[in-house]
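Participant: Summarising the annotation, TrEMBL assigns domain 'Aspartate/ornithine carbamoyltransferase carbamoyl-P binding' to C:2-160. Annotation source TrEMBL lists carbamoyl phosphate binding site at C:Ser47, C:Leu48, C:Arg49, C:Thr50, C:Trp75, C:Arg110, C:His147, C:Pro148, C:Leu149, C:Gln150, C:Cys276, C:Leu277, C:Arg304. Taken from TrEMBL, the feature N(2)-succinyl-L-ornithine binding site covers C:Glu142, C:His176, C:Lys240, C:Arg280. What TrEMBL lists as domain 'Aspartate/ornithine carbamoyltransferase Asp/Orn-binding' is C:219-313.
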Amino acid sequence: MKQFTSVKDVENVTELVKEARALKNNPYADKTLGENKTLGVIFLNPSLRTRLSTQKAAMNLGMNVMVMNIDKEGWALETRDGVVMNGTTVEHIREAARVFGQYCDILAIRSFPGLKNREEDYNEEIFNKFIQFSGVPVVSLESATLHPLQSFADLITIEEHKKVQKPRVVLTWAPHVKPLPQSVPNAFAEWMCQAQKEGLIEFIITHPEGYELAEQFTEGATIIHNQDEALKGADFIYPKSWSSYHDYGKILHNGKGWMLNLERLKITNQAKVLHCLPVRRDLELGSDILDSTESLVVEEAGNRVWAAQTVLKRILENI
Amino acid sequence: MKQFTSVKDVENVTELVKEARALKNNPYADKTLGENKTLGVIFLNPSLRTRLSTQKAAMNLGMNVMVMNIDKEGWALETRDGVVMNGTTVEHIREAARVFGQYCDILAIRSFPGLKNREEDYNEEIFNKFIQFSGVPVVSLESATLHPLQSFADLITIEEHKKVQKPRVVLTWAPHVKPLPQSVPNAFAEWMCQAQKEGLIEFIITHPEGYELAEQFTEGATIIHNQDEALKGADFIYPKSWSSYHDYGKILHNGKGWMLNLERLKITNQAKVLHCLPVRRDLELGSDILDSTESLVVEEAGNRVWAAQTVLKRILENI
Amino acid sequence: MKQFTSVKDVENVTELVKEARALKNNPYADKTLGENKTLGVIFLNPSLRTRLSTQKAAMNLGMNVMVMNIDKEGWALETRDGVVMNGTTVEHIREAARVFGQYCDILAIRSFPGLKNREEDYNEEIFNKFIQFSGVPVVSLESATLHPLQSFADLITIEEHKKVQKPRVVLTWAPHVKPLPQSVPNAFAEWMCQAQKEGLIEFIITHPEGYELAEQFTEGATIIHNQDEALKGADFIYPKSWSSYHDYGKILHNGKGWMLNLERLKITNQAKVLHCLPVRRDLELGSDILDSTESLVVEEAGNRVWAAQTVLKRILENI
């Protein structure tokens, strides 16, 4: 593996999940692989699970880790070319990325979308510039449009907890007070479509009209606008809020009726519930679910370690 | 040891101090004990000594350390149950604590009191929720009401520097411009009462009327309101400011006459002076004392490492 | 080596550069030297290259590293003596420095000048107090007046890339929108004057009138106010903005005509261009240079690791 920014960087997700589950059973088997190798973990936006799970994964592999919260510890980066830098930005991403590449063998980067300009966000400018200029393998810790380590951990969790050979997995839109990025649902859709192609699951998406995700990520998914219908017979449910892709960055629906609770789960096949966290209780998802054995959100967060460790291991083997 | 939040988690402080002093003489003897174990150090409030000494203690034991300044790097945690999270809090402590427990073998946490609502602070809600939900051993790096690692380091320092078998130790209130928590004096009182019970010291508290600490922490202490009388014959003095417990969180006294300097020490038995730091010079404590050999504050800060290392070692032996 | 705050702490820069280049070829040769030794890295101002390169250097030597961003994670330090601390400062540098010395075997510190009071800045009060009170070796990560690790990395880069035995090195003032410290040009001048004395280079400084650096750092340098004349035949150029030393902290010149681009380089001897970074593109330095093979700024940033590692190694050998 040479970089990890999307499911497209993976040949076969079935094999990848198998490797992750093997690592989970034997976390320190590759502790010499990362010796004298440095992972740079760069946050342009805040993080909790992602930072800790990535740091732990790297330490399990014997790597050194350097964390840099650029938004707080560093300074404003200029990302546009051809501007005279006489304003508030202090350093250009061209220099910053190249310099990170001098100190680190692998870079892991988080950079959220602005949600103002769809083209800019979906071009993944900042991310692609880090890839272009740093000269070292780059791992996405959530970009403007995708959060692949999360989706990988989601798939590990589904594989661990499935009771039928080909479970029905439902991604459902959920309410929120803020317009959120599409990165988590985009990546989840992309990974589940691939998992469906490999015969691991059956994949359904449900959301109010107007919340259609970009088609490049949902090819092969069944899209149903009636949530009840979509939930029928579900084995796993992934509730997640996102803002509109088509009316970019907007909230189009007041959310009424779309939040799940234990009562609403009765229609499913004793479905287990996933969420990437953080989750706003009783707004995005019923607290009765989160406090029940139906919820897998904590195990799922735990699996972020094995997702990150598998990716770092594959990249280290290629350096 | 299964957790460390109070002197009550310790069977015998005499033995604990002996173990700490042995570790101080041989810091790296247990370097394999913490191998592949991760300490999560979580700050909801700022720290200097506590962060560095805890981090160093963990590294001496061979542990991995992940530090998270939630107040700055993370986001606002919701601690109340039963609220619809449609405001400014982004994640509930139930999820956050459980997730930390996924990544860490031991959690060390700092969480200050609000000083508005005594019942809330003295219930140690935030702390107890971390213990309840994380599922791993929790070490207090100062809670709303106690700072036990500080008191443990204080007792190590007293044992190292005592010239008589059973020294007289005096906790004295000191002036300050801000209302401060009772956590340091509460914990110091609790530890010194226990040390007195084990025959290590004699313990006296002095403060202006109205500054009585909660009785649960001072049982067995002699309380004297006349500072001069209390200081007579003292071997160790611990000046510290705190706000009122009874008129909760208030400053009741302008501080006049309560700040110690070298002149005031003449009444003592050549007493050594302790302080948890940070200390405001010439407001809380005379700079002439801090710059003299009477002050043990630096050695005391150094002993924070051995206090933390002893606690982590005992917990690691129990995992 | 007992401290590293200036070229004066170095006996012979030729030997120092040789050692750094040997380390660069064999980075992990001294990995046991730093075992169980702790480097405290203290920032009173933000950092990117300096933090990462110093951390990496220490890890290459097997040291533990603890980073403290005092400006963000800690609290305001009092540096003046004899004041009653009843204002906004929470801890005195006397206590803070002594405590750092308890936890760390070496301290590396960054502390920028205020640029208001020249005497205060050039007395290096904060820095000298850390040295005086910490009781452990101190490494400068940029003080009020000098940035010696940068200059050491600059000299390594010059030695690596020189095509003639004694290249002509030109430090040239550059425009900026903000008044910047003199620390980088002061240190560069000090190191280049020493390198000239040892026969490694020929050293020229050019700047508009009024931008004369303090003479203590420029002894032996040729100072030319006409930039074109200074650039003629140059092998290495170091463009850098600084505020006036004589009219302290002021911007005296609008910068017109002083920014270098590829066109301006034609007058040189195919000069390579250095810069400490961060650099403001097309304000301080032409982006055409930064994107060309004439620029060595990325390699130079990479060499910060070997500069730091050499210094830490020499200090460790002396502890």
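The backbone N, Cα and C atoms fix where each Cβ goes, and this holds for glycine too.
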Participant: Hey, does DSSP put C:Arg49 (carbamoyl phosphate binding site) in a helix, a strand, or just coil?
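Facilitator: Looking at the DSSP assignment, C:Arg49 (carbamoyl phosphate binding site) belongs to a helix.
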Participant: What are the sequence-distant neighbours of C:Arg280 (N(2)-succinyl-L-ornithine binding site), meaning same chain, six or more residues apart, C-beta distance under 8 angstroms?
Facilitator: C:His176, C:Val177
Participant: Checking interface proximity: list the binding-site residues among C:Arg49, C:His147, C:His176, C:Lys240, C:Arg280, C:Arg304 whose CB sits under 8 Å from a chain B CB, in sequence order.
Facilitator: none
Participant: Hey, which of our binding-site residues C:Arg49, C:His176, C:Lys240, C:Cys276, C:Arg280 end up with a Cβ under 8 Å from chain A?
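Facilitator: Correct list, in sequence order: C:Arg49, C:Arg280.
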Participant: Quick one: Cα separation, C:Ser47 (carbamoyl phosphate binding site) versus C:Glu142 (N(2)-succinyl-L-ornithine binding site), in Å?
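Facilitator: Cα-Cα distance, C:Ser47 (carbamoyl phosphate binding site) to C:Glu142 (N(2)-succinyl-L-ornithine binding site): 10 Å.
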Participant: Counting Cβ atoms within 10 Å of each candidate's own Cβ, which of the binding-site residues C:Arg49, C:His147, C:His176, C:Lys240, C:Arg304 comes out highest?
Facilitator: C:Arg304
Participant: Return the residues near C:Cys276 (carbamoyl phosphate binding site), defined as same-chain residues 6+ apart in sequence whose C-beta is under 8 angstroms from its C-beta, sorted by sequence, else 'none'.
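Facilitator: Listed in sequence order, they are C:His147, C:Gln150, C:Asp154, C:Val184, C:Lys240, C:Glu300.
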Participant: State the Cα to Cα distance, in Å, between C:Arg49 (carbamoyl phosphate binding site) and C:Glu142 (N(2)-succinyl-L-ornithine binding site), rounded to an integer.
Facilitator: 12
Participant: Could you measure between C:Arg304 (carbamoyl phosphate binding site) and C:Glu142 (N(2)-succinyl-L-ornithine binding site) for me? Cα positions, answer in whole angstrom.
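Facilitator: Distance between the two Cα atoms comes out at 13 Å.
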Participant: To the nearest whole angstrom, what is the C-alpha distance linking C:Glu142 (N(2)-succinyl-L-ornithine binding site) and C:Trp75 (carbamoyl phosphate binding site)?
Facilitator: 20
Participant: Just give the helix, strand and coil counts over the domain 'Aspartate/ornithine carbamoyltransferase Asp/Orn-binding' (C:219-313), going by DSSP.
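Facilitator: So the domain 'Aspartate/ornithine carbamoyltransferase Asp/Orn-binding' (C:219-313) is made up of 29 helix, 14 strand, 52 coil.
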Participant: According to DSSP, which of helix, strand or coil covers C:His176 (N(2)-succinyl-L-ornithine binding site)?
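Facilitator: Once the DSSP labels are grouped into three classes, C:His176 (N(2)-succinyl-L-ornithine binding site) ends up as coil.
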Participant: In three-state terms from DSSP, label C:Glu142 (N(2)-succinyl-L-ornithine binding site) for me.
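Facilitator: Assignment for C:Glu142 (N(2)-succinyl-L-ornithine binding site) reads coil.
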Participant: If you count the C-beta atoms lying within 10 Å of each candidate's C-beta, which of the binding-site residues C:Trp75, C:Leu149 ends up with the smallest number?
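Facilitator: Comparing Cβ neighbours within 10 Å for the binding-site residues C:Trp75, C:Leu149, C:Trp75 has the fewest.
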Participant: Averaged over the domain 'Aspartate/ornithine carbamoyltransferase carbamoyl-P binding' (C:2-160), what pLDDT does the prediction give?
Facilitator: 95
